[in-house]
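Before any comments, here is the structure.
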Amino acid sequence: SSAKDFYLIGFPALQDFQIPLFLVFLLFYLLILIGNIIIIAVVVVDQTLHRPMYFFLANLSALDILLTTTTIPKMLAMFLVNAKTISFHGCFLQMYCFHGLAVTESLLLVVMSYDCYEAICNPLHYPVKMTKRVNIQLAAYAWVTALLIPIPVVFQTSQLTFGDTTVVYHCFCDHLAVVQAACSDFSASFQTFLGFSIAMIVSVVPLMLVTLLYVHIIISILKINSKGGRSKAFSTCTSHLIVVGAYYSSIVLAYISHRTDMPIDIHVMSNVIFAILTPLLNPLIYTLRNKEVKCAVKKIIFLKIF
């Protein structure tokens, strides 16, 4: 199997627009790198941000850098120099990293929701519950659990029958696209069902947990007597809610494109949007809507200039 290669088609209808695609995705990648590196640097440097919320935010930013680095550099090479071939082992390594990191994102969003829950619903016990050790454990559980989940599916998919050069209708080695490119038999059909079922579970269960936590958060906020207190509590969670909304909106878009009879380009684009939308929006949302992060960024820029 190590001698086999995969040929990534990319966007079939946009073969004449490779350079514009390269420039657009290069811009997205640079914005993702710069924005998330700024978030990490600000959280590390500014002592006022050494709190659980920003520790998890730094984890999310590091994750977004890794997630996009798994796919975008190969896509840039495809668009610029037509480097569409990827080795057997390279393809499955990319598949594992992409899906493992995507699951990590959903679990980190649950952890961040739990942090908001403790901060608003149990403010008196918050410093005792959300200690540095607990924060590290929660982040570690999210990373380790998510990186273990894809291993069985990726391994079983690698055992399917492929040709010497398998054509994959995608920009990267997405599980579903690779399975659909395998020689058709019962194993391939089962892998499609299994992969899709696991994807739904690791998306729906975290969403249910986030929803449940935010129901409790909203109920607690509505019990606050002062209007200023309610406004401050809502502002604590607004940025995170927007990120959660963007993340699950991109999942819904990818799901709809998969279940309906749409052109292959739209299906590929919906998966690409899922891969880059949240990493692109996270730094913008947290720097524009979070006053503490915004002030910390301005302070660091001011000190660097003057």
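Including glycine, each Cβ sits where the backbone N, Cα and C put it.
What TrEMBL says about a protein is an automatic prediction, not a curated fact.
Remember, predicted model here, so these are calculated numbers, not experimental data.
Record features (TrEMBL):
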- 35-286: domain 'G-protein coupled receptors family 1 profile' (DOMAIN)
- 20-45: transmembrane segment (TRANSMEM)
- 57-81: transmembrane segment (TRANSMEM)
- 93-117: transmembrane segment (TRANSMEM)
- 138-155: transmembrane segment (TRANSMEM)
- 194-222: transmembrane segment (TRANSMEM)
- 234-256: transmembrane segment (TRANSMEM)
- 268-288: transmembrane segment (TRANSMEM)
| note | Outside the transmembrane segment (138-155), at least 6 residues beyond either end, the same-chain residues with a Cβ under 8 Å of its Cβ set are 55-56, 59, 92, 95-96, 99-101, 103-104, 106-108, 110-111, 114, 175, 191, 194-195, 198, 202
| So, does the transmembrane segment (20-45) come close enough to the transmembrane segment (234-256) to give 3+ Cβ pairs below 8 Å, pairs being at least 6 apart in sequence? | no
| note | Best-packed against the transmembrane segment (268-288), counting Cβ pairs under 8 Å over 20-45, 57-81, 93-117, 194-222, is stretch 20-45
| Of the listed stretches 20-45, 93-117, 194-222, which one has the most C-beta pairs under 8 A with the transmembrane segment (57-81)? | 20-45
| remark: Spatial neighbours of the transmembrane segment (93-117) not adjacent in sequence (6+ beyond its ends, CB under 8 Å) are 52-53, 56-57, 59-60, 63-64, 66-67, 70-71, 74, 86, 130, 138-139, 141-143, 145-147, 149-151, 153-154, 157, 172-175, 178, 199, 202-203, 206-207, 209-210, 213-214, 216-217, 236-237, 240, 243-244, 247, 274-275, 278
| task | Over the domain 'G-protein coupled receptors family 1 profile' (35-286), work out the mean pLDDT and round it to an integer. | result | 86
